[in-house]
């Protein structure tokens, strides 16, 4: 785990409990600033509230009490904080989004390997897509899909690349062959084959049991009622659905991730947070399908757009 690089020097000054307390405080501060960033980026209070609800449903108290669990969330929150800057640099540096997700993928593999790494890609990506949908220009579904695909490719490239680099370095220093090490590690992580049939549904159900507490279920019911009312008042429902569909595609990634990692069931008590990607994607879909058509063509005056924001 990469966090040992900074943990060991800190242990020469502080004890473990003091380090954990400082990191807990740091994580909650990052979470608070990420909420502000989400609201400022999208100008959508409903979406920002749903973002808070999603993080709370993943038990942030338990996350903040473990050095192992918090690494991915620290990276995800930092990624969300960087989204406004990324969007502002997009015109000047067209590759800034790709470099951004490349860095996130590399850092995720370095600091964390097998807790809930997908959130470091998906949460910033969802906020980035939301920012594009909230901008002064109408963004086509195909453009959003391209942003999603490109970001996922470079994130996976960096994530897998750093993993292979670590294995190669380990093999070289230990004087071992590389191929057997890679095969053994893959067998440990992925198991014999991908999940399918009953095993897949049992794993998904077990993970959801950790998220869908009675309080969360009651809150989801209230959110659904609010969405129905807002969606019913939306004069352009088809347009709204086309805007929000890209979020659902992002959410499917968490299902694929779990399907490719059968050992998720054994570690479901912390890896269930991967399904937080699905929850956030659905909530983002609800937020943007219930929002009135406020994004106009680039030919129209930007001042007109601001009058229609939530």
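Cβ atoms are placed via backbone N, Cα and C, with glycine included.
Per TrEMBL, the range carrying the annotation transmembrane segment out of 181-201, 244-264 is 244-264. Of all ranges given (2-20, 21-39), TrEMBL attaches the label transmembrane segment to 21-39. Counting Cβ pairs under 8 Å to the transmembrane segment (99-131), the top-ranked stretch among 21-39, 45-62, 143-165, 211-232, 244-264 is 143-165. Listed stretches 143-165, 211-232, 244-264, 270-288 were compared with the transmembrane segment (45-62); the greatest number of C-beta pairs under 8 angstroms is found for 270-288.
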